[in-house]
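Listed in Swiss-Prot:
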type	residues	note
MOTIF	59-69	motif ''HIGH' region'
BINDING	GLU570	L-isoleucyl-5'-AMP binding site
MOTIF	611-615	motif ''KMSKS' region'
BINDING	LYS614	ATP binding site
BINDING	CYS893, CYS896, CYS908, CYS911	Zn(2+) binding site
Amino acid sequence: MDYKDTLLLPATDFPMRGDLPKNEPIRLKSWYEERKIYEKMKSKRAGAAKNFAIHDGPPYANGHLHIGHALNKILKDIITKTHYFFGENVRYVPGWDCHGLPIEQQVEVKLGDKKKELSKTQIRELCRAHAREFIDIQREEFKALGIIGDFENPYMTMKFEFEADIYRSLCEIAKKGLLIERSKPVYWSWAAKSALAEAEVEYEDKEDYSIYVAFELDSDALAKLGVKLAKAVIWTTTPWTLPANQAISLKPDEIYVLTSENLIFAKPLLESLVNLGLTKGEILKEFVSNELENTHAINPLNDRKSRFLLGDHVLMDGGTGLVHTAPGHGEDDYYICLRYGFKEILMPVDDGGLYDETLKAHSLLRADVVDSFVGMHIFKANEKIIELLGENLLHVSKFTHSYPFCWRTHKPVIYRATKQWFIAMDEPKLGGKTLREVARGELENVKFYPSVGIKRIGSMIENRPDWCISRQRDWGVPIAFFRRKDTKEPIFEPKILEHIAKIFEQKGADAWWDMSVEELLAPDSGFEAKNLEKVMDILDVWFDSGSTWHAVLNSKNYDAGSYPADMYLEGSDQHRGWFQSSLLVSTAINSHAPYKNILTHGFTVDENGQKMSKSKGNVVAPQDVAKSYGVEILRLWVGLSDYSSDLKISENILKQVSEQYRKIRNTIRFLLANVNDLETIGTDFGFLDQWILGRAKRVFDEASKCFRAYDFSKGFNLLLNFLSADLSGIYLDICKDRLYCDAKDSPRRRSAQSAMAIITKSLLPLIAPTLTYTVDEVMDYAPAIIKGDAKDAFDLVYEPINFDFDVEDELLFASREKFFELIDALKKDKKIKSTLELVLETTSSKILDYDSVERADIYMVSDVHRYSGNEGLGEFEIDGEKFKIVLSDASKCPRCWKFNAIIDGSTCERCSEVLNSVC
């Protein structure tokens, strides 16, 4: 007789292999086109007690997605779905950042010389078309990652009503008195011909000159010191700024010395300058810095007077203690000159980084050489400036240091004083508090994941300068203010500002270029158009994205959750970017942070921790992963990774993740296949079923806590360990006998099936936020006992296992582990082929009290007896209890293979009963 036909073998159509690259796009299409899953998610949780929404940090609408985009969007999706599968009402509206230099540069490259023939509006329309093209590309690439959101109505910063709301945010800040216009040194990209914000600057290594230059003191300064000759020695790494020198800064109340070479240095730095060879260190005179205040030295390049000032920015950690001060080229320089009442700020450099006619107009270089410098790029001028210094150049060398570069052009930037618009950090306009104070205070109400995030953004807020928000480009939201022609005073009349905002809503911000002052001016404004002119700068794109909370969460244009947002989630670089710009705009307008929680993730690196680059050949593209492995593997990689630090990804790592996925899939497949004939879930469980349900409850409860705390790596590793070690490695392996060989309705079989069904029903919504494609596929094949009323994955809600069994299992499983160690040796020595050949003997009354079949199944032997004096194959001791392995003297049952049959060739008692019942 072929007993195989009498066994209750597993049966399911759920495939062993997911064939993910082929099947995911089909399922994605059904989610968006047929089943309208995002709308379903909204309606399913319409009456939920809790709401949750991540406000999407907008990616830039340029280029294809890279692995960093995938990490960010998948993590947002996992968190949103975690809240959803825990029963909360969720919203996720994706967005795009559309304005800015990169798109404008792309358009300029395509246009070439034709750009000169086009109007500003025509260029802006080409920029708009470029952004629209890549939004469509990125939209499909994001959706393919399994992201569920309102992709039918995303926010875009270039939409007309959005531009109007960005402008309204600017107007609100202006009304608060926090918007100021002034000449001030700012980061300037000469390559892009525009000012830059701090967030638009990256640091790279750059080789520069290090020079020490002598400025001879004038007669008044010499008289003050009571000497006949003295030279102040300054140190600088920017020789090209020396023509614009206006002062020399000293540290207040510090001791300075005049050496035998008639050179002046700060005394604390004298030893290091001796080592450099600038001086022998012989001191002729000591004096306090304050004695030189408001006296002068002579700039050797132009014979202009350079005034001695006292400033706390002068440090004793390098240089000479005398700081070259050019207020047009440095922020500290600017502020100290402002404090000393300087009326004129010299700026001899144009927007392209070339010396301009200011050199001649203010005699900043000698008359015999100045013409050769006008039109010369400042970085090319360094060597020539050094030559002009002659004997006043005391020392020159080159060194490499970290230097600010433009994030888009990748060219070194400069500090350049220009007239710009700023949001003031230290004006007490917010109920007597400054923006800095309010922003810093609001951070205390925000929860950070990881918690160190508050220190990073807090220190940045503490130390940041005023925010320069103006740019001298075309593609952006205009700083659409009128100013009086006669006084140049900007006009912030609410009626005028709102009239412009309404025009932007209807026609877009292009109207600022297309329409005349008369057409843009509100009727009955009280002003005449002929007396007004337009401000033609545009806004920093960080202001665009920093005001998205206002345009998205505070408007009726989007169903995106409420203000403040439950969460902002971006890479750790956004502490100085979007998190900060959003905080400043929100606190400036509402004195409130725009978010309740901030979660940051690290960057993606290769398996060696190296940054990815095409030149290194270590780039992992999400599109390639989807084609080779499937998106689900990428999603599981995110779920398993510790996002609080940099995340490693490579071909080898993806193979490891694929193996983990295979284990999860096969475990679920086994569960489905073995509960297919279960109609009702029982409540009467045997010892082993109580044990696995107790283990599952504890693990699932802990994992769900981890997921709620966004610790996905810990939660998923708990689940994987449970699935592979406890569930598959022990329980399911043990249960195969009762599942396959018991009678269909035997209490032991139904008890095991019920435990498996309970675990499966809790497991699926727990892993669904990450493995959404897979869980949705499972629901296509799951039997009714698992599905219940659910039609697909999005009908599921996580429910904790409510069977809390506390089974005393330490001795049992410690002895089981030791038993299998001996079994491995017995099999290696070919003394046995299967554990079913064996009987285990023990002195433990506790183990012998268990049901006889259960205790035998736990060790996967044919029986467990009381310890005897019979000869064994091996023995061991656990906690004082003895265990002995002996060969069974019974016969092998040809149906279940247990050695429980009385006669060779006959079936055991259990199998005989089953066969009799079905015959």
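Heads up, the Cβ atoms here are built off N, Cα and C, so glycines get one too.
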Next on the checklist: For a three-state summary based on DSSP, what are the helix, strand and coil counts in the motif ''HIGH' region' (59-69)?
Outcome noted: 3 helix, 1 strand, 7 coil
Next on the checklist: Name them in sequence order: residues not among CYS893, CYS896, CYS908, CYS911 whose Cβ is within 8 Å of the mean position of the Cβ atoms defining the Zn(2+) site.
Outcome noted: CYS741, PRO894, ARG895, TRP897, LYS898, ASN900, ALA901, THR907, GLU909, ARG910, SER912
Next on the checklist: Nearest by CA distance to LYS614 (ATP binding site): which of the binding-site residues is it, out of GLU570, CYS893, CYS908?
Outcome noted: GLU570
Item to check | Secondary structure composition of the motif ''KMSKS' region' (611-615) [DSSP: H/G/I, E/B, coil] | outcome: 0 helix, 1 strand, 4 coil
Checklist entry - Other than its own, how many Cβ atoms are within 10 Å of the Cβ belonging to CYS908 (Zn(2+) binding site)? => result 23
Checklist entry - So for CYS911 (Zn(2+) binding site), how many other CB atoms are inside 10 Å of its CB? => result 24
Item to check | Rounded Cα-Cα span from GLU570 (L-isoleucyl-5'-AMP binding site) to CYS911 (Zn(2+) binding site), Å | outcome: 61
Checklist entry - Given CYS896 (Zn(2+) binding site) and GLU570 (L-isoleucyl-5'-AMP binding site), what distance in Å do their CA atoms have, once rounded to a whole number? => result 56
Item to check | GLU570 (L-isoleucyl-5'-AMP binding site) versus CYS893 (Zn(2+) binding site) - Cα distance in angstrom | outcome: 62
Checklist outcome for this item: In all the protein chains shown, the tally of other Cβ atoms within 10 Å of the Cβ of LYS614 (ATP binding site) is 7
Next on the checklist: Return the residues near GLU570 (L-isoleucyl-5'-AMP binding site) by Cβ distance under 8 Å, restricted to its own chain and a separation of at least 6 in sequence.
Outcome noted: GLY57, ASN72, GLY577, TRP578, PHE579, THR600, HIS601
